[in-house]
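These features come from TrEMBL:
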DOMAIN    1-104  domain 'BRO1'
REGION    122-159  region 'Disordered'
COMPBIAS  123-152  compositional bias 'Basic and acidic residues'
């Protein structure tokens with residue numbers, strides 16, 4: 001989140017804050033990378049999973065590094081902004097791109113669904129019928145195929 005927030009800050013010409021956000025992102029990425037490597041080396045049923053080898057994780061590392069280098073380069077040539085000591089706060093509540101959820105309410109029960117009606121659905125009291133059993137398949141008799149021999153003289157000529 002800090003990486004993408006840093007890109008947004010750079011696009012809005014706040015290069016100093018973008019550098020600090022990307023430095024924070026780099027710190028968290030290093031921490032996550034250490035945890036992923038530790039997870040990959042543990043014994044147990046999940047040892048085949050290697051989160052640090054995931055495509056997203058590998059791309060994110062290079063994205064953070066490249067964007068931070070770009071911000072530092074542009075700040076040295078263009079913006080000359082100071083890098084704040086505190087990381088900028090992330091907006092945790094999205095205000096675009098999301099639809100407000102509609103609260104779900106169960107519909108009212110119909111008058112026909114009484115406890116007696118629900119008790120009638122007891123599957124242990126159903127009659128045993130043999131029609132539900134699958135019938136054994138009939139044996140398929142092999143058919144004799146005709147002997148087809150290729151003919152060399154079909155009467156066709158290529159001119």
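Just so you know, glycine gets a Cβ as well, placed from its N, Cα and C.
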In this predicted model, what is the average pLDDT of the domain 'BRO1' (1-104)?
88
What are the DSSP helix/strand/coil residue counts across the domain 'BRO1' (1-104)?
65 helix, 0 strand, 39 coil
